[in-house]
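Asks: Okay, handing you the structure first.
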Amino acid sequence: MVQAPLGAQVFKGGPQARLERGYLTKHVQVIGNLLSASSRYNYAGPLISRESDTSSNTPTPPTEPFGLLCSREAPHHLRRRGDPGARAPSAGKPLLGQPAAAAAVAAGGGGPAGEPVPGAGLGGDARRPEGRALNKELTTGDEDDGAERSPSGAAVTAVLRSDPAARSPRPGRTPAEPGVKASPGRPRRLRRRRPWWRRRPWWQRWRWWPRRWWRRQRLPQRRRRRRRGSDARAATCEQCAEAAPAPLPTAPPRRRPQKPRRDLEIDNIVANTLLVKAREGAYRKKSSRSKKWREMLKLPPVSKCTELRRSIEKDYTSLCDKQPIGRLLFRQFCETRLDLTRYIAFLDAVAEYEVAAEEDQQDCGRKVLDRFFSEETAEAHLPEIPQDVVTKCRERLEEEPSKDIFEECARIVHKYLSGEPFEEYQDSSYFSRFLQWKWRERQPITKNTFRHYRVLGKGGFGEVWACQVRATGKMYACKKLEKKRIKKRKGEVMALNEKRILEKVNSQFVVSLSYTYETKDALCLVLTIMNGGDLKFHIYNLGSPGFDEQRAVFYAAELCCGLEDLQRERIAYRDLKPENILLDDRGHIRISDLGLAVEIPEGETIRGRVGTVGYMAPEVINHENYTFSPDWWGLGCLIYEMIEGHSPFRKFKEKVKRDEIDRRVRQDAEEYSEKFSEDAVSICRMLLTKDPNQRLGCRGDGAAEVKQHPVFKDINFKRLEAHMMEPPFCPDPHAVYCKDVLDIEHFSTVKGVHLDTSDEAFYAMFVTGCVSIPWQNEIIESECFKDLSEDEAEEELTLDLEEKVSHPAHIPKRGFFDRLFSRGGCLHPNPSEKEEAPRRL
């Protein structure tokens with residue numbers, strides 16, 4: 001027994017058998033013998049015209065051979081009317097429970113005896129006489145092969161249940177016999193109407209009418225799309241080859257509706273524009289403040305700071321030297337005393353000498369000695385500094401000028417100021433003003449303190465967003481650590497360690513922590529924003545890979561200063577790589593991401609494989625003890641990569657296994673091209689020495705030994721630390737050096753983690769509000785301190801004027817009836833001689 005392929009039907013040719021009204025125009029050539037194939041979805045059967053006698057069981061002999069026709073050649077309305085060419089069954093919805101076999105078709109057509117197969121018009125309408133006769137034929141058959149047969153004995157295949165054109169009996173319904181009423185089968189489910197008390201009132205029905213009308217309008221379009229989809233899945237006439245029919249294609253899973261790409265690009269443009277405008281406003285300072293910034297920074301009365309006055313630590317170095325507002329107020333106090341003014345002037349002159357250029361340094365030093373230690377200027381003489389110290393400074397200045405000539409003199413001056421002048425300062429109004437600012441500094445911080453802009457990137461525990469302080473307008477980067485993600489990965493110790501190290505370090509070359517606060521779902525670190533991007537982006541994405549040697553040496557000098565500040569606090573960074581070095585608006589660099597940094601106590605060492613593959617030192621790979629040697633190894637890797645354009649032990653985008661890179665780090669020597677000068681090759685080889693004991697920076701002098709290398713002969717480190725040297729590259733202020741919002745993947749939702757009261761202790765240690773030094777610098781740089789001080793001076797001047805100038809006594813305003821009935825009013829036109837008539841002032 002043979003079968004027609006999927007989606008094909010056998011039809012009877014001839015002019016008299018063509019479709020009415022000329023709808024069927026495409027015919028397929030005669031195919032003699034069809035190979036057998038088994039499929040419950042394939043069917044075969046001849047198609048006859050509507051003129052054929054379907055009411056009788058006498059078959060009409062064919063006039064032309066049988067052929068194959070694609071199921072979609074006939075229009076939809078013809079199939080519904082009962083015309084031949086009904087559509088093929090859809091996949092997955094067979095009507096009968098058992099597979100049905102197809103008719104045997106020979107070259108001459110017909111059934112097993114060579115006769116044409118009756119029961120034509122499989123797509124006939126059951127409402128027409130010929131359709132009802134066909135349905136009657138489909139219900140009868142033999143039990144030889146399990147297929148339903150027509151009275152002539154030819155096997156036929158039923159259409160699918162989804163086809164409304166022809167209906168055959170359901171699987172559970174008994175076949176109809178002559179004189180026997182058919183069983184009703186499954187009754188039709190009728191929609192039950194709601195009772196009158198649950199029906200919608202008329203004033204609510206109009207809401208649903210537009211939706212129903214729109215569905216009616218969209219229904220034909222959906223039907224056409226569904227029909228085109230089934231046409232694509234239907235088999236063509238060429239599927240009658242010897243091979244078995246291909247499996248039915250499965251519909252793709254339904255995806256969630258996503259926002260159009262064009263709308264997402266617009267969102268990215270809007271986010272970048274808002275960020276750039278916010279940065280421009282931050283440069284203008286006052287324009288970026290909130291309208292209520294005075295209320296946000298309103299200082300409390302002095303009486304409210306009594307408790308703070310008793311609890312604050314009375315340390316001169318902390319209150320008058322390190323904290324910016326304290327140092328500024330102490331200078332203002334000293335300027336009110338003539339005997340203390342010269343000490344402040346001397347400290348300013350020493351600071352100016354330290355940042356002077358090398359060619360002007362000797363002349364600047366002589367001016368300091370002549371101004372404060374000459375016999376001619378006795379009024380500016382500092383009696384607390386011994387004469388032998390002054391003589392030693394003169395000799396060193398004439399022999400070889402250096403930055404630390406007046407270091408001993410400055411130490412003596414600070415020691416004097418920390419005595420009696422500091423005690424007098426604590427009793428002055430300047431110290432009370434400092435306590436007011438300290439009270440404001442210790443107020444809690446929330447997310448409403450900031451304006452949030454676009455996302456800049458993401459880290460291990462959350463995303464990094466650009467934000468702006470409402471009161472001052474200063475821009476920051478907010479690093480959000482998701483609480484559930486921290487708890488799931490058990491990163492409480494790592495997060496708290498990073499927060500404490502950032503809070504402890506105060507360096508111009510390390511990102512500063514200014515605020516810490518929490519929200520319902522995250523712990524937030526507000527850090528210095530770096531708008532210039534990272535070094536990896538500039539090395540590989542702008543121009544040819546690598547920098548010129550002058551630019552690389554400038555960045556290396558600033559890195560050396562940053563590592564020196566970290567090592568001064570006994571902190572090992574351990575993850576020095578281009579991705580962690582960021583550029584600010586002016587082009588200076590800072591070290592970021594201190595998640596792997598660790599504090600090493602004095603006289604101890606640590607051990608552990610920590611860092612990034614290709615930048616880890618040999619002692620880290622070998623699990624040996626170390627202190628700060630991996631950081632100097634990382635500096636050597638960075639200098640090499642900035643000049644050459646790739647790391648010393650792995651080329652850019654080279655696919656190498658981790659073990660191979662570790663072997664190169666331990667055994668292989670780096671190769672140097674023509675881009676390196678002799679000094680650059682020398683410092684790279686000294687920093688990339690395999691033995692940590694012989695490595696530059698690890699032989700006892702630390703950063704001072706690295707700074708003395710000839711490659712830094714043109715770098716004035718004092719001016720560099722004061723940011724008085726011009727960087728070789730300045731980022732574009734109108735550019736956003738980070739990925740688009742579309743390209744930054746969002747974190748998935750953390751499931752199975754619940755926050756409880758046991759986590760509150762960790763959150764309390766993490767959230768501490770403002771960090772003193774960065775917050776006070778923000779208040780001074782944004783000129784909020786200056787504006788509030790001027791406002792206070794004006795208020796004090798107004799009060800003084802009100803006390804000195806005598807104003808006439810204030811006469812309260814008299815009411816209408818008082819003026820009407822009182823003496824001298826309208827009813828008393830003649831006042832007494834003793835009383836003076838009231839006058840309007």
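Cβ coordinates come from backbone N, Cα and C, glycine included.
From TrEMBL, here are the annotated features:
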- Asp575: active site, proton acceptor (ACT_SITE)
- Lys488: ATP binding site (BINDING)
- 125-135: compositional bias 'Basic and acidic residues' (COMPBIAS)
- 322-435: domain 'RGS' (DOMAIN)
- 450-712: domain 'Protein kinase' (DOMAIN)
- 713-778: domain 'AGC-kinase C-terminal' (DOMAIN)
- 48-69: region 'Disordered' (REGION)
- 102-189: region 'Disordered' (REGION)
- 243-262: region 'Disordered' (REGION)
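Can you tell me where each of these features sits in the structure?
Replies: Taking the Cβ of Asp575 (active site, proton acceptor) as reference, residues of its chain lying under 8 Å away and at least six apart in sequence are, in sequence order, Asp593, Gly595, Leu596, Ala597, Val610, Gly611, Thr612, Tyr615, Gly634.
Taking Cβ-Cβ distances under 8 Å and a sequence separation of 6 or more, the neighbours of Lys488 (ATP binding site) in its chain are Val750, Gly752, Val753. In the three-state DSSP reading, Lys488 (ATP binding site) counts as helix.
For the domain 'RGS' (322-435), the number of residues in each DSSP class (helix H, G, I; strand E, B; coil) is 86 helix, 0 strand, 28 coil.
Per-class residue totals from DSSP over the domain 'AGC-kinase C-terminal' (713-778), listed helix then strand then coil: 22 helix, 2 strand, 42 coil.
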Asks: Looking only at the domain 'RGS' (322-435), what is the mean pLDDT?
Replies: 88
